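Lifted from Swiss-Prot, the feature list:
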- SER63: active site, phosphoserine intermediate (ACT_SITE)
- ASP13, SER63, ASP462, HIS463: Mn(2+) 2 binding site (BINDING)
- HIS124, ARG154, ASP155, ARG187, ARG193, ARG261, PRO262, ASP263, ARG264, LYS342: substrate binding site (BINDING)
- ASP420, HIS424, HIS480: Mn(2+) 1 binding site (BINDING)
Amino acid sequence: MKVKRPVLLAILDGWGISEPDKGNAVDNANMVFVEYLKKTYPWLKAHASGKWVGLPENQMGNSEVGHIHLGAGRINLESLAKLNHETKTNNIAKNDEIVKTFEYVKKNNSALHLMGLFSNGGVHSHFDHMIAIYKAAIDYGITNIKFDLITDGRDTKPKLAYDFIKDLLELIKQNNNIGIISSISGRYYAMDRDKRFDRSRIAYNAIVNRNNVRSFTNILDYIQQEYMINHDDEMIIPAFNQDDLNGNLKANDAIIMTNFRPDRAIQISSILTNKNYIAWQNEAFSDAEFIGDKIRFVSMMKYSDSVTSPHIAYPPKPLTNTLGQYLSQLGLKQLRIAETEKIAHVTFFFDGGNDYFKNGLAKNDEITLANAYIDLIPSAKVATYDLKPQMSAVEITDKLLEEIKKDEFDFIVLNFANCDMVGHTGNNKATEIACKTLDEQLKRIHEEFVLRHNGIMVITADHGNAEIMIDKDGQVNKKHTTSLVPIIITDLNIKLKQNDPEIAKVAPTILDLMNIEIPKEMELESMIDHN
């Protein structure tokens, strides 16, 4: 089977719509070609947050749920909503894996480590879930509880960890001082996802061996000291508590990792559990330090096959007949292309939690989705992406144009990470450069794919970010938004419906463009108006 006109889904990660403002990097970047597209082709504004992507009302969207819904064609109740319900009903305290972990700790007279992003951002975690498990552990009679906290500052305002942890200390006091903050780490270190093992190494030391790492005697003073040297929550240097000198992770201890989103939990969790993981073949780690086979590790959700612990509190229920899977079954040839930072998003997440591409790391002969191929472009090795706001967008486009010229693919999924990843640095000017870079790359792609190869581009985003770099209080905004996002379709022969569009309608719309029947699993309709 071969489609009449190939379709390219271009996902501009973090590209939202907002009113003109000095903090609107999208608007201020003067994206001339995007404006040309809007004047030339049908386009609309679509929902990408809250209930429209399976999240609680008014919850900002994120890359994971955005990509899931772009490929799903239906609303999928997301992890945050599920765990909020489990917490509210106290079912989390009855979860089989969590209860077995409590039993394990009591039997071994060992420590329970609660580890995760301690934040109310709701993108990777929510501290309500960790606190619920903490209270459940106390009710179960556990008294040796260690908090290994990861601080946010990216999906929240930059400096909220002080207040969050102050409240946690008060909660510990209210519970007869059961529990201690054993270590702290900014997410820059503990939640790296791009194999920067030098960062993971420091976080690992704070949790596991206490070697060559900072320490503190007063956690609040330590955070204040970090703030004074312009380290916001994301950048807090890992440290351990001197009052818990022997509280490092040991044999027979248990960890419950409370992050529910996989991508930034995979690397540190794999290091903690899997001796065959690439980090242990890397000079950053030595075999003698590995204790993963002597602990019980529980993740809230499935992270990756590289996390070898079998203990998952809420096992996945992958979606079926997502766009990629459906096209594969029809014998259509497809390509996924992104840089390292976002490769899991155009594979694992876009495929509804099905790991056909090994989280984007499979070689083409290892992919378990028929007729599917991948191009992985390395991300720049810089400390923060405002140092290179172009990221790897030019290299992605160069490779993509090579692939387009082959005239082989019926469907291509492309992710440009710039608006999101540079937006997260809080650097407004750099984010404007990031947006302008994408404008230039879209022009190159349009010339080759649409004008020379008669393809159709569907240009959209997974969530907003770069359009609000300064919040209403005048503070730097690094987090995602609840903004609407554009959907532009480069087909002059169609009209689009304007009735509350949402990004989950992108998949059925692409099938409609291909003149392919929409499967029953896709509960939403196409946005194309055939009247």
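Cβ atoms here come from the backbone N, Cα and C positions, even for glycine.
What you see is a predicted model, and the numbers here were worked out from it, not measured in a lab.
Cα proximity to ASP462 (Mn(2+) 2 binding site) (within 10 Å) is found for none of the binding-site residues HIS124, ASP155, ARG193, PRO262, ARG264, HIS424.
Note on the binding-site residues ASP13, ASP420, ASP462: the fewest other CB atoms within 10 A surround the CB of ASP13. Rounded to the nearest whole angstrom, the C-alpha distance between ARG264 (substrate binding site) and SER63 (active site, phosphoserine intermediate) is 12. In terms of C-alpha distance, the listed binding-site residues HIS124, ARG193, ASP420, HIS463 place HIS463 closest to SER63 (active site, phosphoserine intermediate). In the shown protein chains, 23 other C-beta atoms lie within 10 A of the C-beta of HIS424 (Mn(2+) 1 binding site). Note: the CA-CA distance between HIS424 (Mn(2+) 1 binding site) and ASP155 (substrate binding site) rounds to 8 Å. If you take the Cα of ASP13 (Mn(2+) 2 binding site) and the Cα of HIS480 (Mn(2+) 1 binding site), they are about 10 angstrom apart, rounded to a whole number. ASP155 (substrate binding site) sits 7 Å from HIS480 (Mn(2+) 1 binding site), taking the C-alpha atoms as the reference points. Take the mean position of the Cβ atoms of ASP13, SER63, ASP462, HIS463, the recorded Mn(2+) 2 site; other residues of that chain with a Cβ within 8 Å of it are ILE11, GLY14, ALA48, GLY61, ASN62, GLY66, HIS67, HIS345, ASP420, ALA461, ASN465, HIS480. Other than the site residues ASP420, HIS424, HIS480, same-chain residues with C-beta atoms no more than 8 angstroms from the centre of those residues' C-beta atoms, the Mn(2+) 1 site, are ASP13, GLY14, ASN62, SER63, ARG154, CYS419, MET421, GLY423, HIS463, ASN465, ALA466, LYS478, LYS479. If you take the C-beta of HIS480 (Mn(2+) 1 binding site) and look for same-chain residues 6 or more apart in sequence within under 8 angstroms, you find GLY14, SER49, MET60, GLY61, ASN62, VAL123, ASP155, ASP420, HIS463, GLY464, ASN465. Counting only residues at least six positions away in the same chain, the Cβ atoms of ASP263, ARG264, ILE266, GLN267, GLU341, ALA344 sit under 8 Å from the Cβ of ARG193 (substrate binding site).
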